[in-house]
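Take a look at the structure set out below.
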């Protein structure tokens with residue numbers, strides 16, 4: 001089924017999961033779309049089966065806390081940042097719940113973590129105003145960039161370049177093979193002192209970059225020229241919460257949750273808002289991602305919700321998991 005304006009408007013909550021006692025701070029779909037893993041401020045890691053629509057397993061990171069969880073290329077391993085004790089990144093085997101490796105180096109909270117789509121490289125950005133380049137096979141930092149402010153960063157879909165958003169006003173593009181020579185392109189945006197950038201993502205076709213903020217708007221820019229194509233607004237975020245925005249897998253639509261439990265969807269080409277979906281959330285929707293392979297997406301506050309196209313909604317299930 002192809003995603004269209006009407007198909008997006010037909011999405012309904014299919015299942016709700018109340019596995020957490022505190023905010024879900026992050027989740028990530030496996031590359032094959034069969035599972036999704038979440039991290040929460042209650043120190044839990046919950047693995048969900050997307051096909052059966054139920055939680056499979058819960059692990060805990062009580063000592064270090066857990067945030068910004070990301071699948072690696074092996075379906076049974078993840079990396080995540082810590083939000084207790086220190087700012088070390090940890091590499092965990094889900095199979096036996098054992099750490100494979102630690103990645104120390106950041107001296108303040110990690111606010112961005114992006115896994116390369118093609119190999120064992122990943123990048124992290126921190127409030128210590130650095131971006132670090134890592135390889136899963138080594139605990140040592142493979143590259144270090146000092147910046148002028150808080151960074152957000154992400155790999156492009158081919159894993160050849162990465163983008164860094166700096167000081168909420170500049171996007172810098174780096175070639176992974178020669179990042180130490182500095183950025184090969186810099187795009188300066190109009191600075192908005194009312195908010196700061198909280199996320200940066202490439203579309204799957206590599207042509208677009210989505211910048212999310214803790215204000216009431218998103219920016220969509222051309223990944224090659226840096227021109228602002230659209231600014232999306234009209235959703236509630238009065239408390240400056242970090243709300244995750246995402247592309248659909250076909251790169252055609254942009255989605256974000258809001259503090260009132262609604263999900264707003266725009267057409268990336270026209271810039272028009274095409275849907276406002278009721279997520280039935282009790283708090284701000286801090287996490288939102290579309291499944292990379294199946295016609296479902298997930299959203300989270302302290303509950304995880306699964307939503308899917310209305311005609312395929314399983315019968316007899318209580319609301320949530322789109």
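Placed from the backbone N, Cα and C atoms, the Cβ positions cover glycine too.
Feature list (source: TrEMBL):
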- 17-58: repeat 'WD' (REPEAT)
- 103-138: repeat 'WD' (REPEAT)
- 235-276: repeat 'WD' (REPEAT)
Residue counts in helix (H, G, I), strand (E, B) and coil for the repeat 'WD' (235-276), per DSSP?
0 helix, 18 strand, 24 coil
Residue distribution over DSSP helix, strand and coil in the repeat 'WD' (103-138):
0 helix, 20 strand, 16 coil
Sort the residues of the repeat 'WD' (17-58) into helix, strand and coil with DSSP and give the three counts.
0 helix, 24 strand, 18 coil
In this predicted model, what is the average pLDDT of the repeat 'WD' (17-58)?
92
